[in-house]
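Annotated motif ''HIGH' region' per Swiss-Prot: 15-25, in sequence order. Among the features that Swiss-Prot reports, motif ''KMSKS' region' is placed at 311-315. Per Swiss-Prot, ATP binding site is recorded for K314, and the stated evidence type is sequence analysis. The domain 'tRNA-binding' annotation in Swiss-Prot covers 581-683.
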Amino acid sequence: MAETKPTYYITTPIYYPSGKLHIGNSYTTIACDTLARYKRAMGYDVYFLTGTDEHGLKIEEKAEKLNTDPKSYVDGMAKQIKDLWQLLEISNDKFIRTTDDYHERAVQEIFDRLLKNGDIYLGEYEGWYSVDDEEYFTETQLAEVFRDDNGKVIGGKAPSGHEVELVKEQSYFFKMSKYADWLLDYYQSHPDFIEPANRMTEMINNFIKPGLEDLAVSRTSFTWGVPVKSDPKHVVYVWIDALTNYITALGYATGDSEDLFNKFWPADVQMVGKEIVRFHTIYWPIILHALGLPLPKKVFGHGWLLMKDGKMSKSKGNVIYPETLVERYGLDALRYYLVKAMPYGNDGLFTPEDFVARVNYDLANDLGNLLNRTIAMINKYEDGQLPAFKAGVTEFDADLEATAATTIKNFNACMDSLHLSDALAEVWKLVSRTNKYIDETAPWQLAKSDDANDADKLASVMAHLAASLRVIASLISPVMTHAPKEIFTQLGLDPATLAIADLQLADLPAGAQVVAKGTPIFPRVDMDAEVEFLKGKMTKSDKQKGRKAMENAKHEAEVEQGWNPAETNLNLTKPAITIDDFDKVELKVAEVITVQKLKGADKLLQFRLDAGDADHRQILSGIAKWYPEPEELIGKKVIIVGNLKPRKLRGEMSQGMLLSAEHDGQVQLITVPDNMVNGSLIS
């Protein structure tokens with residue numbers, strides 16, 4: 001009978017597809033992916049869930065603004081998020097969308113069960129509602145209150161800074177207040193349920209002790225949601241619709257098999273940002289308890305990845321997107337940085353200077369140079385073959401061996417306790433100790449000696465270096481998906497043998513042939529140039545720096561001798577313009593999200609495009625004649641005129657223009673390589 005593996009179920013929050021995800025959003029998914037990969041390497045049967053929360057008024061309004069329907073809008077956004085996770089090599093087992101049929105069926109069933117059990121009742125709600133936050137607030141909870149001349153409250157701002165509006169409507173309520181004492185008792189008997197511990201203290205003091213209010217769980221003021229089965233004019237609100245995804249994804253209440261639910265629930269770790277800890281540690285546990293289900297073993301609320309001027313915000317112009325960093329520095333650099341930059345439970349800080357420093361110092365210098373030196377010395381001193389590992393041959397071996405053993409032990413402890421940044425710090429202690437070991441043993445001196453003992457020492461040093469790199473590569477493999485395999489390959493080891501379980505320094509396969517010449521796995525970058533590049537990506541006012549640099553280069557360049565451009569016939573078809581005229585035009589890279597023929601206009605195609613803006617934009621183009629199957633354009637990267645004044649065509653708004661080329665009556669869209677980042681400026 002086959003041995004049953006222990007199970008491990010880990011979830012990210014499901015992401016609200018109202019805009020493009022930045023590196024702060026991506027952290028949660030990369031952190032969960034790191035844990036999922038680690039647990040798989042340790043022999044667990046892992047189920048890793050992520051997805052999108054696709055209902056609500058905000059989505060309905062976004063779609064209306066873009067002249068599309070909500071389903072088409074979220075289809076495009078879900079594809080964009082899936083594409084990002086693929087770029088980041090996220091190893092999720094399932095991607096749930098709250099618009100999936102099985103989820104909607106389950107939500108209706110769950111709502112119906114709670115209603116029949118008496119935990120949900122019909123009432124009327126009046127309060128200040130923030131569309132962006134999808135949350136109601138009392139007047140005392142508002143960060144700012146607006147009053148008329150008579151002192152009457154007429155509006156205000158939520159703690160997030162988003163404006164609120166007064167909403168009064170019939171609503172179904174969940175009896176949250178009924179379970180306050182039970183939840184407090186549960187916290188006290190399960191002190192590890194919420195981590196870090198200060199989050200639990202915050203929940204108790206700020207929300208439970210002041211008194212839990214019953215929770216509105218349906219809406220009638222919009223239609224984009226799951227209808228209540230017994231009362232279809234109501235749609236199920238986010239608290240039941242979104243939170244239950246963690247169990248419906250496993251088959252609970254779907255009417256299908258619940259084998260996955262029985263196998264993996266309760267979740268081992270549910271990782272969320274600190275801003276939604278309340279929903280996952282108050283609303284979610286109470287809903288589960290009312291359904292008679294066990295609670296997740298742990299909810300971990302991580303901090304925010306901040307900029308120097310606070311949270312990332314498109315309005316501040318301080319947002320940076322993962323695609324930019326992956327394209328320029330590689331995926332491993334981004335994954336390493338995000339995991340390293342976020343200390344346990346606290347906020348992390350992103351600065352261009354720190355990011356580039358980590359690429360150069362941690363990756364290129366410390367790890368990359370260690371590999372390069374080791375490969376070069378094994379080729380030079382051992383004919384490219386890994387010597388057999390022997391313990392304690394030199395006076396420095398024992399300390400390196402002890403450091404490796406401690407690193408493995410501490411790394412595993414950090415990973416198991418969700419101290420991911422500390423886990424990497426432990427590995428870099430071994431990286432540092434191994435670099436020091438080279439200086440201590442001075443292999444170049446041992447190689448000059450005629451003493452046979454020194455030859456044995458030299459072989460031992462080479463074996464220890466290779467063995468240490470093998471351990472380092474194995475430990476970082478949950479975080480970095482490329483470098484560990486490359487380290488193994490350069491050492492002549494099979495990347496398929498990368499493993500963390502039962503890892504030991506001494507288990508180095510002898511006789512493997514290293515590569516004849518090592519290749520840098522993390523090339524050094526120019527510090528000043530890269531900091532300037534990143535600042536340009538983060539700051540609105542710096543967007544034209546690249547173009548200005550190009551123009552400066554043109555002015556400084558000397559004309560090639562022997563050729564007079566003034567004599568060239570330019571064959572102009574339109575009046576000449578100056579560079580200042582051209583500089584007024586904003587050309588941007590955009591990705592085609594959806595495209596279809598415009599109803600009632602056979603010549604026009606209706607494009608929805610991601611041009612790196614906060615929202616998608618719509619452009620109408622008269623190229624339908626040349627693209628009889630326009631769906632083939634979905635996913636293509638095109639060039640648009642981004643600052644063309646919007647105009648209406650056939651009753652639809654067109655927010656720009658697509659660039660195309662025409663020859664002999666044939667028209668073709670101009671496309672660019674897929675690896676170009678959406679929103680990149682064309683100069």
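Just so you know, glycine gets a Cβ as well, placed from its N, Cα and C.
Keep in mind that what you see is a predicted model, and the values were worked out from it rather than measured.
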Any residues 6+ beyond the ends of the motif ''HIGH' region' (15-25) with a Cβ under 8 Å from its own?
50-54, 56, 58-59, 62, 73-74, 77-78, 80-81, 84, 134, 304-305, 311-312, 314, 319-322, 325, 334, 338, 350, 610, 612, 614-615, 678
Which residue counts does DSSP give the motif ''HIGH' region' (15-25) for helix, strand and coil?
3 helix, 1 strand, 7 coil
Count up the helix, strand and coil residues in the domain 'tRNA-binding' (581-683) according to DSSP, in that order.
10 helix, 47 strand, 46 coil
Over the domain 'tRNA-binding' (581-683), what is the model's average pLDDT?
86
